[in-house]
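Reviewing the structure listed below.
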Amino acid sequence: MSFPLGNRRRVSATLPFSFLVALSFAVAAIAGGSKSPYCNNPVQLAMVKIWVDGDEGEYLAGLTASFGATLPEEKNKVPKLPAVFSNPLNGCSSSSSKLSGSAALSVRGDCDFVTKAKVAQSGGAQALLVINDKEEIEQIDCSVDVSPNISIPVVMVPKSVRDELTKTMAIKRVELLLYAPTRPIVDISVVFLWAMSVGTVFTASLWQEFGISEQTEKRLNESSSKESSDAGTDSDNDQETIDISVKGAILFVILASVFLLLLFFFMSSWFLLVLTVLFCIGGVQGMHNIIITPVTRKCRNCPQKTVRLPVIGEVSILSLGVFLLCVIFAVAWAVHRRASYSWVGQNILGICMMINVLQLARLPNIKVATVLLCLAFFYDIFWVFISPLIFQQSVMIAVAKGKNTGGESIPMLLRVPRLIDPWGGYNMIGFGDILFPGLLITFTYRFDRESKKSMGKGYFVWLMVGYGFGLFFTYLGLYLMNGNGQPALLYLVPCTLGVTVVLAAIRGDLKALWGYSSKSSAMINPTAEV
């Protein structure tokens, strides 16, 4: 996380906590009876607002200690305090800097937290900010045999604060205000994000009802042999699809892990720019297909004027006009992607791209779906919960939050600003949490349609309900884990693949689904395999 301290813009600086931090809260709660009575203060998520030369800047998040004074919930109940670095910087001995009436800053290490707090308090400081040695922030405890008489608040803040404040305080006056606003149980933005995710999968599944050509739809109702012979003459006019194989599913998850590590270690402004360009290309293609396909289907017999372009060849004027409008939309979003309203354009491009992907890539049967979703299940858990043990922070969350990009997140996310949360920021969901379950759900829709199953006896409706509940459980887990990043596939895979397998076993369809061969897939692209 980095923040331009002189900026008056209010952005999110809420930091991702690792799974181990959340686990430590639970352990602390269970073992609370053995603690010193002086170390039983409730741990608060502290907001540290920053003023530079009297101008309000951004804010950052911290955690209060289990000892010392608690922070008020309202900012008008606390004064602004001048920020002063302790000297020595470790805060373990009396400071040569004047700390009276200030918010003292010291780095972690060389002595325990209680000693730092006593030194700061004896020097007249009104608060102590302990700068951690890594970006994640941890709970500050005192040992059971210590009875500190600390009457000032003690807050841990992330490592990046040191460099940012050092540069700014060298030439400007910096003041800090510490308080702990209460977060709402549920922010209304979660509802919009849930609706967009479910709506994307639902639309992608039903898209073939009005997105495929009439010739393809006609062949779906003919015999299998007749379909195969027709495919050879009409396939050029139909949408090409790619069936994912078991080897392709394994290779995809491996490549996704490699790419995630590349983003984690080498993410920078220019790398983010490359991702933005690729995102715009995919968004333009998806938006163009979503607009032009139903139009040409409805106006198949309408006369269309064409124009011949170099390299491309002959294209219709309608298709060219729609393409240019899509390009203008994507370029406008890219130019203004840091604006407060840019999330609208990002979501539109992202949804169009995902609907298009779900039409191009397909699961042929439940065997491939099981391999892909189970691998994605463990992929999500590893990179969110286990990666902090290896890389000192969650790789997935660090990339999503915009590590080394000035806080700008990657564009492969749906995001909605938190509307009633005093901390601001965005609720986000990655494309993988929509595409992976979406591949299975679109498969069950095709299976129900080709098997002529009714709504109640089919699988599509049950999986849509399961996907909706899976997202609900994801946000419930996010709340119960105090806002820590959650691997959505941890909940979505059991609620989609698990529901499919259980229903198929009960109905006796499991064998048929396991080795199923889609008629439409074989007809449109019988040999394609990833």
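Positions of Cβ are set from backbone N, Cα and C atoms, glycine also.
Among the features that TrEMBL reports, compositional bias 'Basic and acidic residues' is placed at 218-229.
Look at TrEMBL and you will find 84-162 tagged as domain 'PA'.
Among the features that TrEMBL reports, region 'Disordered' is placed at 218-237.
Annotated signal peptide per TrEMBL: 1-28, in sequence order.
The transmembrane segment annotation in TrEMBL covers 191-210 (among others). Residues 294, 297, 347, 351, 354-355, 358-359, 414-416, 427-429, 433-434, 437-438, 441-442, 445-446, 460, 464, 467-468, 471-472, 475, 520 of the same chain lie 6 or more positions beyond the ends of the transmembrane segment (191-210) yet place their CB under 8 Å from a CB of it.
Annotation source TrEMBL lists transmembrane segment at 249-266 (among others).
Note on the transmembrane segment (272-291): residues 319, 322-323, 326-327, 329-331, 333-334, 337, 348-350, 352-357, 359, 402, 405, 408, 410-412 of its chain, located 6 or more positions outside it, place their CB under 8 angstroms from a CB of the stretch. Annotation source TrEMBL lists transmembrane segment at 272-291 (among others).
According to TrEMBL, the transmembrane segment annotation covers 311-335 (among others).
Beyond the transmembrane segment (341-361), the same-chain residues lying 6 or more positions past its ends with a Cβ under 8 Å from any Cβ of the stretch are 196, 200-201, 203-205, 207-208, 211, 239-242, 244, 279-280, 282-287, 289-290, 329-330, 332-333, 411-417, 426, 431, 434-435, 438-439, 442, 530. Annotation comment: TrEMBL describes 341-361 (among others) as transmembrane segment.
Here TrEMBL flags 368-391 (among others) as transmembrane segment.
Remote same-chain partners of the transmembrane segment (423-447), defined as residues 6 or more beyond its termini with a Cβ less than 8 Å from a stretch Cβ, comprise 10-14, 47, 61, 181, 183, 187, 189-190, 193, 197, 200-201, 204-206, 208, 244, 256, 343, 350, 353-354, 357-358, 361-366, 369, 372-373, 376, 380, 400, 409, 412-417, 453, 458-460, 463-464, 467, 470-471, 474, 488-489, 492-493, 496-497, 500, 513, 516, 518, 520-521. The transmembrane segment annotation in TrEMBL covers 423-447 (among others).
The transmembrane segment annotation in TrEMBL covers 459-482 (among others). Tertiary neighbourhood of the transmembrane segment (459-482): same-chain residues 17, 22, 25, 45, 185-186, 190, 194, 197-198, 201-202, 205, 429, 433, 437, 440-441, 444-445, 447-448, 453, 488, 490-496, 498-500, 503-504, selected by CB-CB distance under 8 Å and a gap of 6+ residues from either end.
The transmembrane segment annotation in TrEMBL covers 488-506 (among others).
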Outside the transmembrane segment (249-266), six or more residues from its ends: residues with CB under 8 Å to it
368, 371-372, 375-376, 379, 383, 391, 395-396, 398-399, 403, 410, 432, 530
